[in-house]
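Swiss-Prot annotations:
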BINDING   H83, H182  heme b b562 binding site
BINDING   H97, H196  heme b b566 binding site
BINDING   H201  ubiquinone binding site
TRANSMEM  33-53  transmembrane segment
TRANSMEM  77-98  transmembrane segment
TRANSMEM  113-133  transmembrane segment
TRANSMEM  178-198  transmembrane segment
TRANSMEM  226-246  transmembrane segment
TRANSMEM  288-308  transmembrane segment
TRANSMEM  320-340  transmembrane segment
TRANSMEM  347-367  transmembrane segment
Amino acid sequence: MANIRKKHPVLKIINHSFIDLPAPSNISSWWNFGSLLGMCLILQIITGLFLAMHYTADTTTAFSSVTHICRDVNYGWMIRYLHANGASMFFMCQFLHVGRGLYYGSYTYLETWNICVILLFATMATAFMGYVLPWGQMSFWGATVITNLLSAIPYIGTDLVEWIWGGFSVDKATLTRFSAFHFIHSFIITALVNVHLLFLHETGSNNPLGINSDADKIPFHPYYTIKDILGVVGLLAVLSSLVLFAPDLLGDPDNYTPANPLNTPPHIKPEWYFLFANAILRSIPNKLAGVLALVMSILILTLVPFLHTSKQRSMTCRPISQCLFWILVADLLTLTWIGGQPVEHPFIIIGRVASVLYFTIIIIFMPLAGWLENYLMNW
């Protein structure tokens, strides 16, 4: 059996990636989120496939088809809520995965890190299109508001928006193409994940100390497969509890009202995992500047490797950088809270301060902290 997995053309790839892969002996539970993301992706593809069998991408029947799935299809309600809450788990794991990369300096693997940022954009686009499909009030108005942001692009903005809509407003053509793109995007994400793993296995995993671990490596199986299985069981327990006891906890009540272009909801807001970006967008009065800030809130991650000034890779032994990192986490939580609040005083000013702080910490304070820590080490 050992010879087959080491010599068979297909099994050999699996063996080198998940069985005999040399891994640092000291990686902690923060390294579990990669496998959890893989499990979430598989779950999303399977549940999405079953939902696609019953869903109809038509403005007159989309809302009814989702109701039909929940009421008439065997375990349709569970499939629907596994898919919806699975997306929340996906983003939770993704944010923690990126946060771990920032804390332990994994961004120094440039190709792996840049693919990670592209994956973040791809999953956000996929989730946005998926949010439109139930064709509730928040689906319709969310699609209208977010796609309309592209009109801020000079010269081609208006034409681009109408091209995406397939008409002069969000309608049947928009829903049909969003449904098609949402379905195909999951496979694009799968391809990007494979590229991400390819680059990761070229360099090997980072570790909490941020040092070269070639002298002390262990095989991935059985040590880390068992560790990952524990993480998967934990995540499934949380997801199951959410689906079975509070399936609508992370959703919006407005989405249980069919889309009505003549009735605007008092407060249009996206899903919780977009709220931080929504807060940054709203904090800037100018439309084009707001859109640029929205894009830069994610794209700024590509600059992090070039802003690294410390002689140490990881923040494990860098107390000043640790403080800044946790201030950044608190700032992102504040932005998430602000993104879900109405646009009024004092939320406007809090959002602006938090948005400025977000960019300032990453662009100015983090590099300065690195230089200061280098100086203190030589002092």
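Every residue gets a Cβ built from N, Cα and C, even glycine.
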Among the ranges 33-53, 113-133, 226-246, 320-340, 347-367, the one whose Cβ pairs under 8 Å to the transmembrane segment (77-98) are most numerous: 33-53
Proximal residue to H201 (ubiquinone binding site) among binding-site residues H83, H97, H182 (C-alpha distance): H97
Stretch with greatest number of CB pairs under 8 Å, the transmembrane segment (288-308) reference, 113-133, 178-198, 226-246 candidates: 113-133
Range from 113-133, 178-198, 226-246, 320-340, 347-367 with most C-beta pairs under 8 A to the transmembrane segment (33-53): 178-198
Contact ranking winner - 178-198, 320-340, 347-367 against the transmembrane segment (113-133), Cβ under 8 Å: 178-198
Separation of alpha carbons, H182 (heme b b562 binding site) and H196 (heme b b566 binding site) (Å): 21
Euclidean distance between Cα atoms of H83 (heme b b562 binding site) and H97 (heme b b566 binding site), Å: 20
Same-chain residues at least 6 apart in sequence whose Cβ lies under 8 Å from H83 (heme b b562 binding site): Q44, T47, G48, L51
CB contacts for H201 (ubiquinone binding site) [other CB atoms within 10 A, all chains]: 14
